[in-house]
Amino acid sequence: MANVIVIGAQWGDEGKGKITDLLSRSADVVVRYQGGVNAGHTIVVKGQTFKLHLIPSGILYPNTDCIIGCGTVIDPQILIAEIDQLKELNISTDHLLISETAHVTMPYHRLIDQASEERRGSYKIGTTGRGIGPTYADKSERTGIRVLDLMDPDGLREQLEWTINYKNVILEKLYNLPPLDPQEVIEQYLGYAERLRPHVVDTSLKISDAIQRRRNILFEGAQGTLLDLDHGTYPYVTSSNPVAGGACVGTGVGPTMIDRVIGVSKAYTTRVGEGPFPTELDGELGELLCDRGAEFGTTTGRKRRCGWFDAVIGRYAVRINGMDCMALTKLDVLDELEEIQVCVAYDIDGQRSEHFPTSSRQFARCRPIYKTLPGWKVSTTECRTLEDLPQQALDYLKFLAELMEVPIAIVSLGASRDQTIIVEDPIHGPKRALLHPDGTPATLLSA
């Protein structure tokens, strides 16, 4: 039995969907613990592409229970559309469970999100405009609508009549937007409630029961460590906690129940939206990474900013999440490069630093200090073992593992399930490297 958290170790979009899909083969339960439709994951199976935002990656396995936890925020319209999409493809969603205490994104959340971002002007943070921040804000203000409220028609009518009238004042007076019709919204969401009712349960009890029965549970995060509300590049962050600690809060599982944390990183770095990005590449090289990596957001279609691998934020992610091992994705994107650079430290106002600064203003002044490695100039997409990889690619992987001080358990070389090298069992294999007295790692990727 193993209870495993899969987290993003960069700014999101690391390929968590594929890695979670791979690990779901040996999982009995897959749980999404935070975020909403502001994040998407893409899974490619036998040439067929599945793009999901709320439903966990394990949905493609009929014997795997899939749970949307209490730490998420749910847009019922989009969730129902995902359910219908899967049914059209003859994929059952009978094993999908939704937390009754998850909060619900309402139409006024989306309107306020978009209007607020527009009003920020040059201070915009790059929100997706899907209403995620305002939904979490209402949760904190204790004025939010929860899934269990949708299941109570009389209570929902009373709650929404007051809430929508209150939000209409904000929409009209602050943002000069037309008001919402309370009755129209109420009827719309009562309809959503009936569609979702068969899936709604106390998911914390379901997860607790699975733990007691010693089932394998996979906790799936959205976004990434550097987008965490408390530990990311604030204010250019999301409104929840994608870090490993968020899995406990967002599901109702005690921290002593977690056995392992797997971090997912690209072989380079991407970021979407605003905020500092020390290793960002402009010009032809950045465009090459973007094109080869198909770096366009699943949710918004926005072009992602691309740059070299940043080991400073990588080590930070290892520390903040307590990562035991790493899955490295999109190694194949680097196949055409003569040389590859890795950021090993920052120059901050003339001082060398190997630590991630907590201030975004200071982070914006960071200049990368690079180590240059030779490229391999051959395709790796057909490699299925470490022995198949060119020596320069092996050297690159070993260098990253040494910098991160965690073993690399999985190497992904394309979008399909089979384009993967399993270096070590990511569930039961080596954990975070122990250090010798001189500070050098005791166990790392060996080739």
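The count begins at 1 with the first shown residue.
Cβ coordinates are placed from backbone N, Cα and C, and glycine is handled just like the others.
What Swiss-Prot records for 12-18, 40-42, Arg304, 330-332, 412-414 is GTP binding site. Per Swiss-Prot, IMP binding site is recorded for Asp13, Glu14, Gly15, Lys16, Asn38, Ala39, Gly40, His41, Thr128, Arg142, Gln223, Thr238, Arg302, and the stated evidence type is sequence analysis. Per Swiss-Prot, the feature Mg(2+) binding site maps to Asp13, Gly40. Positions annotated as active site, proton acceptor by Swiss-Prot: Asp13. What Swiss-Prot lists as active site, proton donor is His41. Residues or ranges marked as substrate binding site in Swiss-Prot: Thr298, Thr299, Thr300, Gly301, Arg302, Lys303, Arg304.
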Sparsest-packed among the binding-site residues, when each Cβ's other Cβ atoms within 10 Å are tallied, from Asn38, Thr42, Thr128, Gln223: Thr42
Binding-site residues (Gly12, Gly15, Gly40, Gly301), the one with most neighbouring Cβ atoms at 10 Å: Gly12
Same chain, 6+ residues apart, C-beta under 8 Å of the C-beta of Leu331 (GTP binding site), given in sequence order: Ala267, Thr380, Ala393, Tyr396, Leu397, Val411, Ser412, Leu413
Those binding-site residues listed as Lys303, Arg304, and which of them has the most Cβ atoms within 10 Å of its own Cβ: Arg304
IMP binding residues Asp13, Glu14, Gly15, Lys16, Asn38, Ala39, Gly40, His41, Thr128, Arg142, Gln223, Thr238, Arg302: largest Cα-Cα distance, in Å and rounded to whole number: 34
Cβ packing number for Leu413 (GTP binding site), 10 Å threshold: 26
Listed recorded positions (Lys18, His41), ranked by Cβ neighbours within 10 Å, top entry: Lys18
Densest Cβ neighbourhood among Asp13, Arg302 (binding-site residues), 10 Å radius: Asp13
From His41, Gly301, Lys303: recorded positions whose CA lies within 10 A of Asp13 (IMP binding site): His41
